[in-house]
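Copied over from TrEMBL, here are the features:
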DOMAIN    C:21-102  domain 'ACT'
COILED    C:63-90  coiled coil
ACT_SITE  C:Asp243  active site
Number of protein chains: 4
Amino acid sequence: MDIHAKKANEALSEPYQDRARMLISCPDGPGIVAAVSHFLHQHGANIVQSDQYTMDPSGGMFFMRVEFDLVQLERKLPELKEQFTGVANRFSMEWQINSVSRKKKLAIFVSKEDHCLVELIWQWQAGDLDADIAMVVSNHPDMKEYVESFGIPYHLIPVTATTKQQAEKMQLEAVGNDIDVIILARYMQIISPTFIEHYRNRIINIHHSFLPAFVGGKPYAQAYQRGVKIIGATAHYVTEELDGGPIIEQDVQRVSHRDDVTELKRIGRTIERVVLARAVKWHIEDRILVHENKTVVFN
Amino acid sequence: MDIHAKKANEALSEPYQDRARMLISCPDGPGIVAAVSHFLHQHGANIVQSDQYTMDPSGGMFFMRVEFDLVQLERKLPELKEQFTGVANRFSMEWQINSVSRKKKLAIFVSKEDHCLVELIWQWQAGDLDADIAMVVSNHPDMKEYVESFGIPYHLIPVTATTKQQAEKMQLEAVGNDIDVIILARYMQIISPTFIEHYRNRIINIHHSFLPAFVGGKPYAQAYQRGVKIIGATAHYVTEELDGGPIIEQDVQRVSHRDDVTELKRIGRTIERVVLARAVKWHIEDRILVHENKTVVFN
Amino acid sequence: MDIHAKKANEALSEPYQDRARMLISCPDGPGIVAAVSHFLHQHGANIVQSDQYTMDPSGGMFFMRVEFDLVQLERKLPELKEQFTGVANRFSMEWQINSVSRKKKLAIFVSKEDHCLVELIWQWQAGDLDADIAMVVSNHPDMKEYVESFGIPYHLIPVTATTKQQAEKMQLEAVGNDIDVIILARYMQIISPTFIEHYRNRIINIHHSFLPAFVGGKPYAQAYQRGVKIIGATAHYVTEELDGGPIIEQDVQRVSHRDDVTELKRIGRTIERVVLARAVKWHIEDRILVHENKTVVFN
Amino acid sequence: MDIHAKKANEALSEPYQDRARMLISCPDGPGIVAAVSHFLHQHGANIVQSDQYTMDPSGGMFFMRVEFDLVQLERKLPELKEQFTGVANRFSMEWQINSVSRKKKLAIFVSKEDHCLVELIWQWQAGDLDADIAMVVSNHPDMKEYVESFGIPYHLIPVTATTKQQAEKMQLEAVGNDIDVIILARYMQIISPTFIEHYRNRIINIHHSFLPAFVGGKPYAQAYQRGVKIIGATAHYVTEELDGGPIIEQDVQRVSHRDDVTELKRIGRTIERVVLARAVKWHIEDRILVHENKTVVFN
């Protein structure tokens, strides 16, 4: 397995030592792009990529993502952020600036179905997922040996009806304050509002249907029952409403009357893997802005 | 417009004078395929295409579609049907045999949105829809001139809350007993259970969402509200349950946060056109079998 | 047919009286976005949408598309353009600024296959194609009646091996200097280099294959012969190399061994229609920049 | 890793002890379906699924796939095959009957790119690939540890310009006579005609382009150069013509001007994995018939 570790080490981010990404949401108004790009230019930054979207030209919201290069970024970033506060306040911005070379830390939650976890680990070791998989948390021991073979810590925290609250406390401790994003890679337990509140817009779930169709349990059985001709999967941020959070990505595949529930699950596993991996990649690359219950994805 | 009429005349079905299609549904059991193919062979028919599906090998339903050529089909068909009764009864079959050269008669219902109607007429005049468009029925006058320019009768039957029952009576009279299938090409009125009963599994509706998501009115507005990343359309047979009948075909297209409701509608129109046209084509070519609330589509 | 004319009249562009689109290509370098957005801000314009792409951060090309609103645009546009010359020269820009309310003029070239023409006219009368179809040019009389029923002039210019040069002269005269873009909607004659030179990057062709597979004639027969499982269509700008120009858009659909050449053509017609309509829409909305033999499409 | 081995053991094929699949190719003529289904019925077999395709009703080829259940299949199969010879000879059939419970043996050839191999092993251990991976053959040591961790033998056979012939001899010895199908899972060496002859229509290659576009080396670089808007992958049987053999399956994904060669490769890896896995599954399930340079895939 060590052969893979090598690849992950020669990280994607190496050549981007001096690159940063800026995300902005604010009420729309004249002069925002000018102010931001002028600010960056003044501070010696070169804009490499810029995306922007106005929900409604008059009175709506404004969203922006900028990738820029700045020589000696690491040294200059704290000051840059401090000085940007002036621009930000003027336009009532919510904003963040992230250094590309600082890898995000992931905690992956999994139950017994392993395909989404295996996909994320494969993409990570292939160098396609530019992040650190800091830990795997599971309520089952099944994947322990596999996960640890990659040198990734595995927290086995069983969950039963009576120990649920205690288990969640242990999960919070395991995750700690250092994790950027939690991935529910077919983790089959409900997450409590308290837990969600700790990681608002930072918990990504994969639901095995084309939402909002087939909310809740056994979506493939529901799909078979309804006789749909296309099935899908949906990656979304977790909110208090079951399968109701902001949708990040969806994809589908054609099926036919010949496909029974087992076959739908088999086909679905590949859709789930691909959709979750895309959503995680976009989150890691700071491509997603959440507004109310929807996402703006700059990709 | 007459230039198009020519094409429709040099019909697709000409070379298939002696071809027929047989559709069978029955409880599964041993020997069905053997009995059917033996029967056809004995009567001098040559099987050109045969599809078959067993829902569940033990105790399920069996579905079959056979295309065959039989010299002097038209003369022999009545006797062939009569003699097939023996085979059919042995296996408790529901069945039909249709001559390919006998074109099915369509009645298209439309309101103000014209794209699905225009598509069907275009495919028909291009020779891609091997049927007769016997009439268009509408509650609005908007498309009258256009439809009549193709020599197709246009029945204008306004519908209001108070005249609904009377209007439906007029529709039934207009359609008569000679129509094989009714197409609701974005016809925005609810069809009564009585009407549906007359045309069980012979009324095809296009719903402008990926069912079962966004049942009912304004599905594009609902889709926008939910922030889905893919929109779709669904063709289904009409039953008493709103947007709940057997699904024939679905298709989808990717959208993004940039697409507002107007743009979703625009993108959706092309999906609706394509999905409805496929469903109609399959119905016309005897490719669809309905069982309970699902379809078997041999395509 | 007049019912449709109405829709086209209540044009999409009405609410965008004061909106303009700016397209820029130039060598990359620091400060471009800042300079452009600063310029627009200074002149009272509000950026509504901005897209930008750098081919290669160091030493590559830079592409930008900006939509902006400017009160009393029509009055101010000439001066705005003049003053922008300063910014443009500083960065060696190729650029254009187009008023959204000034509709582009299209000339559609067609031979006998009518599906792409019908699609464009349908989208135009539905209000989905925000342009003027100024004329149709054809080497066959087949579509004359249909086209003229929409009040669109039809130039019948027959082409034979011996009259080719003369015919092209007549085409150039018919098109004149007022046409923004020429659409080859399954026009089956080769265009001469002289003609292409007049409309560099302004002639859009639809090729009925997934280029670069199946260049040249009879692509569906070639596709059938090769046994591909997916067929496609490609919209591209016409260059001197047959089917070799910059690709604007492609799309595909799955086929099977059951589909013979006739069926491939039938399936393909819908792909062609959709792909060509998208490409034309993007051109009309100033979404396409050409660099060497490739396109940057901001959509 | 042993956790996975369990799953592969509780094989998909267990409940299908008595199921067999029959594949037939022959010149078309009347009575074939009747003869085959009558034969099976007479011998006590129950047809569970039957697909059939006639290339051209008059004078073309006929293809058929039948799945049937026969009590005590294993005991009766030799006799059934012997007796079927009569039917087969009458219609000049090429045919095979395979017991579903007899798993096919796979040899996977791989070089340095591991994604296709990892996918096949994952699908196999998930129980989705109902076959035995009998060995992996590679010209590089990179995947040895990984492959052997699943208990799969790894034959390291380096290939250089001078040792090519010798290496191929070693490969043939390693593969032996017991292997049903060879998978070139991004194996980057040319296979000799002699080798191909040994495994006619039993070597499946994944080519990383949408064939016939971009034959040969570096297809993603070629795709980038040409500026295509969609990339793809193709699984095909290997013939003497490079990337020219019968196509089994293809799939595609949309890309944009933003995707450089590295990104195309990344996107392509997922297409390659999915396409190859589907092709292997269909081969294993006896769904593919080859005729001249094309495949008939009953799925």
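Here the Cβ of each residue, glycine as well, is placed from N, Cα and C on the backbone.
No curator has checked TrEMBL annotations; they are predicted automatically.
Keep in mind the model is a prediction, meaning the values are calculated, not measured.
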Problem set entry | Averaged pLDDT score, the coiled coil (C:63-90) | 96
Problem set entry | For the domain 'ACT' (C:21-102), the number of residues DSSP places in helix, strand and coil | 29 helix, 31 strand, 22 coil
Problem set entry | Chain-internal residues, separated by at least six, CB under 8 A from C:Asp243 (active site) | C:Asn205, C:His207, C:Leu211, C:Pro212, C:Val215, C:Gly216, C:Thr234, C:His236
For this session: Reduce the DSSP letter at C:Asp243 (active site) to three states and note it down.
Result: coil
